[in-house]
Amino acid sequence: MKLLAVRRLFRIQRVVIRYRLDDLLFALPLPWFLLAVRYVLPWRWFPRKQLELSRGARLRLALQDLGPIFIKFGQILSTRRDLLPEDIADELMLLQDRVPPFDSQQSMKLIEEQLGKKISEVFSRFDVDPLASASVAQVHAAQLKTGEEVVVKVIRPGLKPIIGQDLAWLFILARAAERFSADARLLHPVDVVADYEKTIYDELDLLREAANASQLKRNFEGSPLLYVPQVYWDWCRPKVLVMERIYGVQVTDLATLADQRTDMKMLAERGVEIFFTQVFRDSFFHADMHPGNIFVSTVNPWSPQYIAIDCGIVGSLTPEDQDYLARNLFAFFKRDYRRVAQLHIDSGWVPAETKLNEFEAAIRTVCEPIFEKPLKDISFGQVLMRLFQTARRFNMEVQPQLVLLQKTLLNIEGLGRQLYPDLDLWNTAQPFLERWMRERMSPKTVLGNLHSQMEQLPHLANMTRDLLERMSQPHAKDPAPPWKKRKDDWFLRLLGAAHLVGGVMLAIGGPLNQLGHWPAGIMVAVGVYLIVRR
């Protein structure tokens, strides 16, 4: 093992001892042979200083001591309220990703290496002192030679080896927890670390962030709701991002917003509208909408516009997920818990063999108390969190896109009620969802979907043969995973479309019309059944 990795291990051990995290570990229901280990740990042989801190505070302080990679892991973990006890999740939300800036000469050297030009050849002004600094990157203000005011985001040098070492230790801890603790297995710690690994490496690629920002800007081009700064692609590289500099009021600066007479009710409602527009219209949403990434334009405070930055983390939903999510929300607010349970099974989010009655009862037990509150006080994010927590007890598959969505909704909801405490999220969102559902079922949309499915008709014979071969295999008894179930559903709808079109063509005339209309009727009926079946 490399010396650096060994030193890192000793550092982790010292922090564990300092904040008595071993006490938290041995409080878990571990096997006897692991619990026996506490008697051979030298630092447990002597009295230790008592810490007048909650377990969540001790964990938070330990992560802060371990540095930026562990801090960011704790921040991401804090969004998994479906996995964590509430007291720990609340403490982890307090983690601040603030670290001292790295040397500006290093920053300028890296920019020149990435751009292949001297700073003075690209920028007429470059501020050596950074505007902001975080664990992954820091930002400098500058002006392009062409006159545009910009910000230059630069990845910290030497991050990858540090991230690799810290991730290796996180995976070791996660695998040990999964192996030796039944409670830990329910939390899927290895999956959580794997999600973090993908997120942190994605954040190291600034071209990905630039592409996300360009997509979001295009989706809201000309919109009064949201403005996204311009990306200057000529000067973007994997470790350098150049964007338009924006000037606005941070969304949590309530005093300044009040001074400029901002319509706070409209601002809060527009935040909700932006969220649902991203999720249901665009299926592409900014998944890191914490207050540090959101500003409010100083123009037209009576019709306020949001400004979003830092598009490193985004999410998207499939059309099936969009549909099931909307139906779940409607069913929940109607207290139709059987429908909620059935939708979870139909979507493949929980296993097909789940007992519907038991699942319905569990959802009712957890969610019914929520309706003791007035409708305007009900939290959408809490609704989703409770549903996911309940579904996890029934072996719900981890859905990364839904976890991102729940995190984003909690952020938007908390922010909206901070701006306007009487915000009624359901009444604000309901018209949008109802309009989206109507548009989804409109003849124009149905015909558009039918047209896209018809494009697959040339492949129908091969797909039919493949499906029959799969069904004839002895191992075909194994339950299909959710993604495969959706593909098979899509194939059956395509087959239904082919029957429907074939039946119509047969009915209006063709080489077989001497047989009468009954074959056409059968084909149309089969087609309709296959298309609308659940």
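Quick reminder: no glycine exception, Cβ is built from N, Cα and C everywhere.
According to Swiss-Prot, the feature transmembrane segment maps to 23-43 (among others), an assignment based on sequence analysis.
Residues or ranges marked as domain 'Protein kinase' in Swiss-Prot: 125-492.
The local packing around Ser133 (ATP binding site), expressed as other Cβ atoms within 10 Å of its Cβ over all shown chains, amounts to 17. What Swiss-Prot lists as ATP binding site is Leu131, Ala132, Ser133, Ala134, Ser135, Val136, Ala137, Gln138, Val139, Lys153, and the listing cites sequence analysis.
The C-beta environment of Asp288 (active site, proton acceptor), restricted to residues of the same chain at least 6 apart in sequence and closer than 8 Å, consists of Asp310, Cys311, Gly312, Ile313, Thr408. Look at Swiss-Prot and you will find Asp288 tagged as active site, proton acceptor, backed by sequence analysis.
Residues annotated as transmembrane segment in Swiss-Prot, with sequence analysis given as evidence: 490-510 (among others).
What Swiss-Prot records for 512-532 (among others) is transmembrane segment.
Taking Cβ-Cβ distances under 8 Å and a sequence separation of 6 or more, the neighbours of Val139 (ATP binding site) in its chain are Pro130, Leu131, Ala132, Ser133, Val151, Val152, Lys153, Val154. Neighbours of the ATP site: apart from Leu131, Ala132, Ser133, Ala134, Ser135, Val136, Ala137, Gln138, Val139, Lys153, residues of the same chain with C-beta atoms within 8 angstroms of the site's C-beta centroid are Pro101, Pro130, Val154. Summarising the ATP site geometry, the residues cited as binding it (Leu131, Ala132, Ser133, Ala134, Ser135, Val136, Ala137, Gln138, Val139, Lys153) extend over a maximum Cα to Cα distance of 14 Å.
For the binding-site residues Leu131, Ser135, Ala137, the ranking by surrounding Cβ atoms (within 10 Å, all protein chains) places Ala137 first.
The DSSP secondary structure for Asp288 (active site, proton acceptor) is coil. Secondary structure at Leu131 (ATP binding site), as computed by DSSP, is coil. Look at Ala137 (ATP binding site): DSSP puts it in a strand.
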